[in-house]
């Protein structure tokens, strides 16, 4: 409030971002982390939290850049190493062998920022470094739970690629018991669509939209499920909401044409 110092404001924004991330509100998390980094550049916590939010939004290039930036600040952060590995795999699958050419520029972290985060504390060398698992500054059990939820989600993603949607649903369900993440709901909704469990798909998309009201995948997949349930009015409403965010989304425009003919 008022004339709070930049560093204090940055900490508060990063803490609020952690709450948004926990609630699955990834876009709000990104906004708070970006504001925190504007005040105090190259902060580890906002960089890691923003990377996790970008990952949840499936903006893998931006997540990769943030994880790599963290490693410039402190190369001992295991969560950043793990994040880089996940994003490398995701980008290789998405963009092929030339994925690096499509990356945004990775900022160069000045030496002053590196030393600022590596000053030993009273606990001994390296004691000021964030914990290796989960999000820095969070309770251990939360970090462990979040990490396990992420692992289960990735296992679900692998099963989807293999066409085993029924088993993927089980993995996503386990993940959601540990952490209610928007992307996990939309992923499970995709499985339900494939399995023709349209009511369940609608429920999952509704949960995802509770966490992130403008989530494009949730709106599109709910519209698909509602179309199959012959609730054309609600389906059209979802597509129109989606098009406010992405007016040129070709899949949504195509679905809207189909709905208007239904």
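Keep in mind that glycine also has a Cβ here, set from the backbone N, Cα and C atoms.
TrEMBL entries are annotated by machine, without manual review.
Note that the structure is a prediction, hence the values are computed from the model and not measured.
Noted in TrEMBL for the protein shown:
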type	residues	note
REGION	114-147	region 'Disordered'
COMPBIAS	127-137	compositional bias 'Low complexity'
REPEAT	182-215	repeat 'TPR'
PLDDT averaged over every residue in the repeat 'TPR' (182-215): 92
Chain residues in Cβ proximity to the repeat 'TPR' (182-215) (below 8 Å; excluding those fewer than six residues from its ends, i.e. six or more beyond): 23-27, 56-58, 149, 153, 156-157, 160, 165-166, 168-169, 172-173, 175-176, 221-222, 224-226, 228-229, 241, 245
DSSP residue counts for the repeat 'TPR' (182-215), split into helix, strand and coil: 27 helix, 0 strand, 7 coil
